[in-house]
């Protein structure tokens, strides 16, 4: 009861609503009889009691999903939990007590905790996809024509497994790492493919030569039925054939031989052998008794030992010769047996023969596994191999089964604590070589010469070698001791990417020392003002370094001298300098007359700098200057001009420095009482200057010497840094300093200022010594391990080492050799093995007890079988194990052979003689002979030469050969240079890639029969050579740089340009031209900023001349006039204007006036001085500000004279007239400037500041500097010119093995790789990275089966027989279309006897010859082409299939019931094609044509095309078309010819063809009533309808009588009127009104040329 209640409760879980009891499930109210029936049922009471005792529950247990597995350790033992709660059946949660506690589910369970390392232990196992099953869909009907196939679904089994134990595991473990793979997938069930067969062959000949027979024709299967397609039709068709009546009686009986029985032994072998051994012992005793001679006994003993050894070898063979029998029957043409007497034959076939008892191959048990070949641990390829072997115990004899494998290998891992890691290998590199620039030079640059001081971007190389990576490698190269490095290994051991062997580098370019111009000569001063001893002084001039030199031998070692000195007398360190003269103060307080001018002075030092006045206390103070203040009516003179610049910098015998100053007359004196003006000579003064002699001295410094060790400093053995470079010690440098007189040479040192003498000694750094570091020698290369017969060349082995650090700074040189070689030890003589065959044993016949019942048998003679022993021998005859011969000695010789013990009636012949010698040319023959022996000479049957030929002939070998070239020419190949191992590292340069080479064409040699032979027979080395040229690349060639142009501005910052012109374009892969100028494609520009000193040239004016009055007052000599002065352009120097130059060099706008209007005061007038300079305008300029200049009154006017004018003159400040603003302007960047010795690399771009006036004119920078304007621009920036790195290639690899081992098409290939891609304007990589060369032609020899002979049944007409075939050695040229030609077997002597990959030669096999009247299967057809399953030419992925078939041949119709079934065999294939099948049809011949199905490759087939789309082959109409002018159409209905219309009957058949009438239409142009006739062409085109009726018009134009109806005429007239209206409207719409002609503006548009940038355009 309880169990039932629990079941009910569990069944109620999850119900949608509460279940109150069983009765609640019934519909209420129930009929009373039914209710009583329920209560009275057996068990009903129990159910009711149960419902009362245990009411259905309203509460159920609910569970959540299991949580994550938790645990301390991985694997089993984890715990996972889930939530459990009590819920009402309506879904809401309630207390746990409302549910039954006994039924509470577990909230905790054990689980498997998955960890990351479990990924290696567990994985999904994917089962194979099962067969594709169709998806059943009743709503979709299958189409009549299958296009692609039917959609299906296929499933597979998936399970999580533990990989090492191959046991299932929980899916959750595998799902932790990878989602569960798909269980099912969509698939395609292709369309059904019916069997497709070929066309029938031609009919065979009649089976009988007389009487009634059968002839047949067959076809073969092209494609088998697939995917449920229909089976194949009959492959054979028969028809009865009649020949001429038979004259004799038809042969009704045939002798039939059955198959041979299994080979068996005649008697118990042990009994027979025991009896034989007993007899042999007695025989040996008798022999030993009879032999007394000890030498004879020794010979017998050796023979016994040899026979015993042979027996030991023969234990592997155990050959037993038995016998087998067969049955011979006489059967009639219906296949029933008859008495042998019906088969009339002279000699019956033998029913017995000797045979070999079949023995299967027997092998021993497996040996123990060998140790693992890998004795170390390697993470990359951890597995090694281990081997176990077994030996042969019994060779197979007479069995087709081969022996199993004697060796088995499996992967293994070396395990245990003592396993060491395997050697790993990695690349190492040598030190980079010195940076070199010359490899980057173009051909043109290299030819230009000096390449010694190149700098800038360069290239450096290093070598790469392979070492064992897990040795203790050299960590750093920084000590003086011998450094150890790993020895180089074979490069093939390193597998990672090879490090770069080239890289770009940079050699700092030396910058030249740049100095400022010389300053002006200073005053005579002491060498040292702090030590003023003696009276010797020097006048000095100086210059400074404006750009420090870099990259030279010293910081200032390459600079010219910066100071020049001239000896002088009376030196002074300080002196007074007059600033200006004061006004002339008359003496004694008078207003005019003699007076003095006081000079305003400052104290200056020898450099011209103002200093404290106290320092000039020893100097002579300037005294006041005497002057005259003019009185009225006195002559008035101007003030003295400044002294001119000195005419010479020094004074000598022929030169003397002079300075001039002048003054002019401002006003003449009056006639009465005034002081007169002096004469003209008094208006000019000359004084000497630069009186020192022209002997200039300076200190001249030589270059700094080599840095030598300073023992006083370098005792500290430490590494220091000096200017950022590491050094091991401090050294000392010296240089020579001499005193030099300019233009003379060296003089004594006292002539030069000693205190200003440059240094002669300075400290320097001694760079660390670097010794040559070489790796240890590599291992010796291996000598040939296996011996080669006939290889007499001397083998050598070598070893090498690599320089990883070159010596530097006086380190130890590389003196030891880098390469050693020695001769290999002579290899041991090759040990070869051979089979030794022993004598054939006696011929063993079938026992007489077996053959005595056979008619014609004779005891002791007849056919038998004999065996022989074979042993394994070394080449020298020594004993060897049988396994050596099995491995090295080729196929096992035959162990048995058929033999014959001649009977009395048999023909006996001698053995064949040797072939006679060949005499004569090609075409001669040689013979061999044999003769009959004994009584055979007299027997007639033995004299039959067909059965027993006594002479054989064969053609002699012919030695006529001809050679002919084959194949294409090879690439042009340069001769390989000799590779020398140099001391030091390789320097990467240009590899020779051009010049004269050779190309090769293979030569083939053929004999007189057209068979390919070795090329040596034609006295050829295998090639035709032809010289060829690989054109050398020519780089782009530009001209030399032109001279720099003049600076574009004569004042301020401009640009200067130089250019190159294109001389020659690159060709043959030379360096391309740099990017050319966009305007002129043939020119390359280089633009740099330049600065022209605005004060370089200046206008110099002489004083104004005396004002020449134009209207002369004879009494006063005064009034208006003109005065002039000379204006010259002078070159400015530090000492002032020096030389007169052309006027165009000075600014014409700034040229001072050369003449002006003047006013000469009268004697009584006021005289004022020259106007002073204008004051500066206040910036910014505006009209409200003014500038002024002033003049001083010199002579006061007389009483009657004119008073003095205003001595101050003002003018407004106008912008760009007399007032200017100034601002900085920055030029564009120059092109990247490199050193003259650099090709590429780091350069510098410069720009310059320019001070620009507000009117746009460049002025001297001092104007902007005076205003303190900001200068925030960077004037220099670094730049990079990409280096033109030529493409660098590796050496050519060795020639590969020939792609073909023989034949005409073999090629050898060698490759090279890019080791350095080209960069910038470097020479690009050539496209030819592979070179091919034909291999020497070798004949292709192989073994080939001959054709099977017909089935031969010995001495019978039918039954079981044999067929045989031969193997022959054939030669071909390896091409597919070459027919193989048979040659002597000696050419295939070195080729393993394998045909089609099979070592077992099948030269004989049993066959069955059908008896007359038998029904039999024909031979297999050849395999069909591989055909894929495709749709619209697209493979569906089901693989290909091939098929072959065997048709049935019937010889007698009576035996059809005995015929076997035709056979079909298929196999899968992979290199198939998609084929399509289409219906083809010939042209109609009458009412019929031929229709057939054709495959896309042109084969006619049956069964490949869809039947429903087959075209008709017959188009005859029923009933026939008998009406005139009718014909039968392709739709098999009658139609009328052209020009006639059909008249149909009520049942839609053609009644008659009526001629279509002519419609007469009047023409529009002709009003005379001309008519045009028009006849409708096919007015009623036929149409096909379901009823098969011809097409008819809806409105019939013809009446029942065949005439046109009336409405047709009305329609024709209306159509004609409509046509006239349409034509008229078109004419009016298209007609254009006349317009006045406009004159066209034929201005030519500018022609735009699309310029492609080619300089040749």
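Just so you know, glycine gets a Cβ as well, placed from its N, Cα and C.
These numbers come from a predicted model, not from an experiment.
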Of 171-217, 218-264, 265-311, the range Swiss-Prot labels region 'Disordered': 265-311
Residues flagged as transmembrane segment in Swiss-Prot, choosing from 1608-1628, 1629-1649: 1608-1628
Site with most surrounding Cβ atoms, counting all protein chains shown within 10 Å, from the glycosylation sites 679, 1366: 1366
Shortest C-alpha distance to residue 500 (N-linked glycosylation site) - which of the glycosylation sites 679, 968, 1276, 1500: 1276
DSSP residue counts for the domain 'TSP type-1 13' (1035-1095), split into helix, strand and coil: 0 helix, 26 strand, 35 coil
Nearest of the glycosylation sites (332, 1182, 1500) to residue 1043 (N-linked glycosylation site) - Cα to Cα: 1182
In contact by Cβ distance (the domain 'TSP type-1 13' (1035-1095), the domain 'TSP type-1 17' (1286-1341); 3 or more pairs under 8 Å): yes
Touch test for the domain 'TSP type-1 14' (1096-1163) and the domain 'TSP type-1 9' (771-831), at least 3 Cβ pairs under 8 Å: no
Distant-in-sequence Cβ neighbours of residue 1182 (N-linked glycosylation site), under 8 Å, six or more positions away: 1213, 1215
Proximal residue to residue 1276 (N-linked glycosylation site) among glycosylation sites 332, 968, 1547 (C-alpha distance): 968
Residue 332 (N-linked glycosylation site) - helix vs strand vs coil (DSSP): strand
Number of Cβ atoms other than its own within 10 Å, given for residue 1276 (N-linked glycosylation site): 12
Secondary structure composition of the domain 'TSP type-1 14' (1096-1163) [DSSP: H/G/I, E/B, coil]: 6 helix, 31 strand, 31 coil
Stretch-level contact, the domain 'TSP type-1 13' (1035-1095) and the domain 'TSP type-1 1' (57-116), CB cutoff 8 A, at least 3 pairs: no
Recorded stretch, among 57-116, 360-416, 906-959, 1166-1220, 1221-1284, maximising Cβ pairs under 8 Å relative to the domain 'TSP type-1 7' (634-695): 1166-1220
Site of maximum Cβ density within 10 Å, from glycosylation sites 332, 500, 1043, 1500, 1547: 332
The domain 'TSP type-1 15' (1166-1220), counted residue by residue under DSSP: helix, strand, coil: 0 helix, 17 strand, 38 coil
